[in-house]
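**Q** When I checked Swiss-Prot for this same protein, it listed these features:
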type     : residues          : note
SIGNAL   : 1-18              : signal peptide
DOMAIN   : 19-148            : domain 'Plastocyanin-like'
DISULFID : 22-45             : disulfide bond
BINDING  : 65, 131, 136, 140 : Cu cation binding site
């Protein structure tokens, strides 16, 4: 009985940390893949931070990566518009309200982050994150969900 209680108590700090976690670490390397395919954002978070790291060796101009949040229905059109915007604008169409949050492009070994208010996300809507570097979005994509 005592061992069962100790076993159960061992998980309490983990559960509490997960419940109050309002940031996530995301990375991508030269293989053009994020280290995660989904991110859960607690509705209780006033702000949420994405810490992004390019774990590869390729330069920003050669194969930069970033993290962009948008409604899933908008990602393909945003990716096309991003190619037109070019690398100087992080392959992000300037002042486009469909872009909900993003990090700048970074090259191998570099890190960046973005903080946003989860209140911009609506219940029942489908959201995705992707890399906006030219033509990366088709392989580098994941889902974002609001969770209780």
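Backbone N, Cα and C atoms are what each Cβ position is placed from, and that goes for glycine too.
A quick note: this is a predicted structure, and the numbers were derived from the prediction, not measured.
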**Q** Determine the mean pLDDT over the domain 'Plastocyanin-like' (19-148), rounding to the nearest whole number.
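**A** Averaged over the domain 'Plastocyanin-like' (19-148), the predicted model reaches a pLDDT of 97.
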**Q** Would you count the other CB atoms within 10 A of the CB of residue 131 (Cu cation binding site), including those on all shown protein chains?
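**A** Counting Cβ neighbours of residue 131 (Cu cation binding site) within 10 Å gives 31.
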**Q** With DSSP as the yardstick, break the domain 'Plastocyanin-like' (19-148) down into helix, strand and coil residue counts.
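**A** DSSP composition of the domain 'Plastocyanin-like' (19-148): 25 helix, 46 strand, 59 coil.
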**Q** Quick one: which residues besides 65, 131, 136, 140 have a Cβ within 8 Å of the Cu cation site's Cβ centroid, in sequence order?
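**A** What remains near the Cβ centre is 28, 32, 34, 66, 130, 132, 133, 137, 139.
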**Q** Among the binding-site residues listed here (65, 136), identify the one with the smallest other-Cβ count within 10 Å.
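**A** Comparing Cβ neighbour counts within 10 Å for the binding-site residues 65, 136 gives 136.
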**Q** Expressed to the nearest Å, what is the distance separating residue 45 (disulfide bond) and residue 65 (Cu cation binding site) at their Cα atoms?
**A** 26
**Q** Return the residue, from the listed recorded positions 22, 45, 140, with the maximum count of other C-beta atoms within 10 angstroms of its C-beta.
**A** 140
**Q** At the level of the C-alpha atoms, what whole-angstrom distance separates residue 131 (Cu cation binding site) and residue 22 (disulfide bond)?
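**A** It is 21 Å, counting Cα to Cα.
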